[in-house]
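In TrEMBL this protein carries:
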type     : residues : note
REGION   : 1-34     : region 'Disordered'
COMPBIAS : 9-34     : compositional bias 'Basic and acidic residues'
TRANSMEM : 65-86    : transmembrane segment
TRANSMEM : 106-125  : transmembrane segment
TRANSMEM : 132-150  : transmembrane segment
TRANSMEM : 162-186  : transmembrane segment
TRANSMEM : 198-216  : transmembrane segment
TRANSMEM : 222-243  : transmembrane segment
TRANSMEM : 315-338  : transmembrane segment
TRANSMEM : 350-372  : transmembrane segment
TRANSMEM : 379-398  : transmembrane segment
TRANSMEM : 404-426  : transmembrane segment
TRANSMEM : 438-461  : transmembrane segment
TRANSMEM : 473-498  : transmembrane segment
REGION   : 504-540  : region 'Disordered'
Amino acid sequence: MVADDTAESGDRSDGEKRMDLKEPASEDWGGHKDGDVEMVVFASEGLSPSEGPIEAAEEPRKWKWAVFFLCLFGFMTSIKPGEPFITPYLLSPEKNFTRQQVTNEITPVLTYSYMMVLVPAFLLTDLLRYKPVLIVQGVSQVVIWLLLLLGSTLTEMQLMEVFYGVTMACRVAYSSYIFSLVSPALYQRVAGYSRSAVLLGVFTSSVLGQLCISLGNVSFYTLNAISLGFVSFGLVLTLFLPWPKRSLFFHRTWNQEQKEVAAVATKSELDKINQQESVLSSAPPLCSASRWRDSVFVQMLLELRNVGRRPSLRLWSLWWVFNSTGYYLVLFYVHILWSKVSLAAENKIIYNGGVEAASTLLSALTSFTAGYVKIRWNVWSELVIGVITTLQAGLLLLMGTTENIWVCYTAYVLFRGFYQFLVPIATFQIASSLTKELCALVFGINTFLGTILKSIISLIISDKRGLALDVQAQFLVYFVYFVILTVVYFVCAAVVIIRHYRTQPRGGGGAMEQAAPTQLSPVAAVPEAEPLSNGKSAKA
């Protein structure tokens, strides 16, 4: 980050500023120090959260219990042993839906629902401070499994997919909730904890489901009843989650507001009366519009113009949009493909849970391995993405044409592993150049654009109102989609590499300076809003 000394007001000395910043940190809000003070320190001193003061290690350790409980919550809510077997359950005599209904009428609803709910969930997560959105997610999961158990009509299954989209959209609350519990110096560590808890939960869920099917001869209905029990327990755990005092966008000024209220309380009665009169006299609609323009969210939207001008951010954001679109379309429809290939090969034992467990384990290993890859990403990013996209295209062609279910299983496991290898690299390439708030907004916009693209493709090739292709034809379309991406990436790679080696002698060995992080300088430079007479911020 770039230091910005104008973030502090007027003529006070540096020592007085630091005393003001450190004073509220001694208060214990919900068992841990509020990290907003540290974020102000980082902004004024030019430090990133990962370079925060060592004093963060001396914080009260109560946050550990909150993080442990949240990781336990993430683990428990990921255990749904019936999830890998939803498609076989819908196609089984217990539900008796046709493959065409599942492919062209039920599954596309998931994409549309996710697109409609994603933006409201993203905004409400921060506005309501995480917990209410997690409760909505828990309720949605309970409704999903109730509909699977009790529903029997096409409309009820489509409604089930609607709630599935709500559940997926609300996952953003869990991924960002944990950052409100600890100081910025601990972000990287606790992010690893939460991701590991979810991956372990998904792995355990898939293995448990496969063991119940293969060894316990458990019916799909019973397996879904077990899943209902786990998600109901997860909903109960949600009610006991701590309620954060701050969030990323709308509630990030808590400590500053408290400090200003305390300063007002020390003034004389005459000063307070004068201040109230000045606030009342300066509160026409124009003042409200000015506060809106100076708000964090609007300033971040304005900063997005600079994000698109950086080649690395632009490349990895486009990868996130286009490649994640193909990836999730494959995940949505691959179980239908497995059921068709298994039926053609007359395989009576279903191994969906075991395959999901293997793909989750490989994804975790490839994500871990990606952290140790050392290459010059400013030169070779397009080439690496192009090679991996080529491999994924080949695997999609194999899945769409093979009649061997084990070949189809293996291709799917490798396909997921290749994608998950690039996810942490893309995350680092985007996040390393942005502030925490702007990073969250960029990832949110990338995800939303990818969801819109998924909806368009689903409407054209999957929905009964479009081409209504069968599942194998859809995978051939996905193959063509990845081939087009491959050609684009290789062309871009050739341009970047040729340009790099042409400019290398004049550039002093070709070393490219790393771009300075993009930060919200207008937000950092503007003092917090003056509190109103009731102690609330004028920026509410």
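From the backbone N, Cα and C atoms, a Cβ is placed for every residue, glycine too.
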* Asked: Where among 198-216, 315-338, 350-372, 473-498 do we find the most Cβ pairs under 8 Å to the transmembrane segment (379-398)?
  -> 473-498
* Structure fact -> Within the same chain, the residues 6 or more beyond the ends of the transmembrane segment (350-372) and with Cβ under 8 Å of it are 81, 84-85, 87-88, 199, 202-203, 206-211, 213-214, 335, 338, 342, 409, 412-414, 416-425
* Positions whose Cβ lies under 8 angstroms from the transmembrane segment (473-498), at least six residues beyond its ends -> 103, 315, 322-323, 326, 329-330, 333, 337, 379-383, 385-386, 389-390, 392-393, 396-397, 399-401, 457, 461-462
* Asked: Going along the chain, which residues at least six beyond the ends of the transmembrane segment (106-125) come within the CB cut-off of under 8 Å?
  -> 90, 97, 132-133, 154, 157-158, 161-166, 168-170, 172-173, 176, 247, 332-333, 336, 444, 447-448, 451-452, 454-455, 458-459, 462-463
* To do: Could you pull out which residues elsewhere in the chain have a CB under 8 Å from any CB of the transmembrane segment (65-86), counting only those six or more residues past its ends?
  => 30-32, 134, 137-138, 141, 145, 148, 174, 177-178, 181-182, 190, 193-194, 196-198, 200-202, 204-206, 208-210, 212-213, 220, 223-224, 226-227, 230-231, 233-234, 237-238, 240-242, 335, 350, 352-353, 355-356
* Tally Cβ pairs under 8 Å between the transmembrane segment (132-150) and each listed stretch (162-186, 198-216, 315-338, 438-461), then give the stretch with the top tally. => 162-186
